[in-house]
């Protein structure tokens, strides 16, 4: 295994990729779900591909993807624009066709040498997705940054950073799929994009009809250690949940409960309890874990067009004081998670939009007693094929402070779920201990599948 302290990534000139054809010059409003304060950040995604000469012999992935991006932007032209604020900080996109940032790069390393360094939390992310000065803002900045890095083995890494106000994971997947289809020769996306953000505007008059713990102000009984932890003291580690880990967790749940819970529910309950113990949260402190729930599809009765690529989710929160969460069996936390997710329907989403307008777009809590979890295991990033087959890995590149993204991962023996976490260093050690305690056998399986990197 090579030393990554000497990894050489050479980048060429930064480019602006514009739509391949003239597009409408107009201003489009974002929805009231899109422009909430809690989504005004950028999300990094990494996608890693092997060389596949049988599928794309003598083709240059940089050239193919660059051209496909330009053609896809004809259909997704708002992504080539810039955000601006209107009255009351309402976000809108100026569809001016200025383009997205694109950089071509090469690295003197093979995909095999990189090994699990491509997995979240990716310690080499800054090499494969360079943070160009002035590129990471929200207002007036490019909405996408894409870096394609060619490797010596013939494979490549596509890393991108997207402004979350423009799309969620299913929306980003629609755009990536369109690029991939263009790269493979299609003349148009198989699913045409739909803007129609007015579908998720607040009602007239707006009215809050549901309880939204995720936006509530709560009394902070903590000692402030989480908030005072600077970035140099924060670490990220990924925890692997395979068949053995899940079997041990299920044994702790009553049969009538386990029959109606998902793998996501069980992992989230486990994280909620272990994290609360690790942070030594005051017993009286309210603890909230928000589950990102996609509004698309028939299950939640939210009628949106197939090509809608805006944010269409809510984050209902499991709510409890720290003391019962820590002292009760795991089934207690599991019931809270299931109850929170069950509140999600069209009325809940409409109530969120109304709350955001009535209360001036409140931010999600920034205390350590709050966590957001997002299940990306079925997001579909692993199906994006630019002509080199499916990626070895594709998904969010790391956790984001109070946000954890679950991703699918095969550890060479089985498919499991990788969960990156971000915590102060001292709390991370305790979190690992609590996790090993709650899944007492086999300890070695969990320990062998831990990855950590300081951020």
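Note: Cβ is positioned from N, Cα and C throughout, glycine not excepted.
As the structure is a computational prediction, the values presented were derived from the model and not from experiment.
As annotated by Swiss-Prot, active site, proton acceptor applies to 164 (among others). Using a 10 Å radius centred on the Cβ of residue 164 (active site, proton acceptor) and all shown protein chains, the other Cβ atoms total 21.
The feature active site, proton acceptor is assigned by Swiss-Prot to 385 (among others), with similarity to another entry given as support. Under the DSSP three-state reduction, residue 385 (active site, proton acceptor) is assigned to coil, being neither helix nor strand. For residue 385 (active site, proton acceptor), applying a Cβ distance below 8 Å and a minimum sequence separation of six or more within one chain yields 180, 184.
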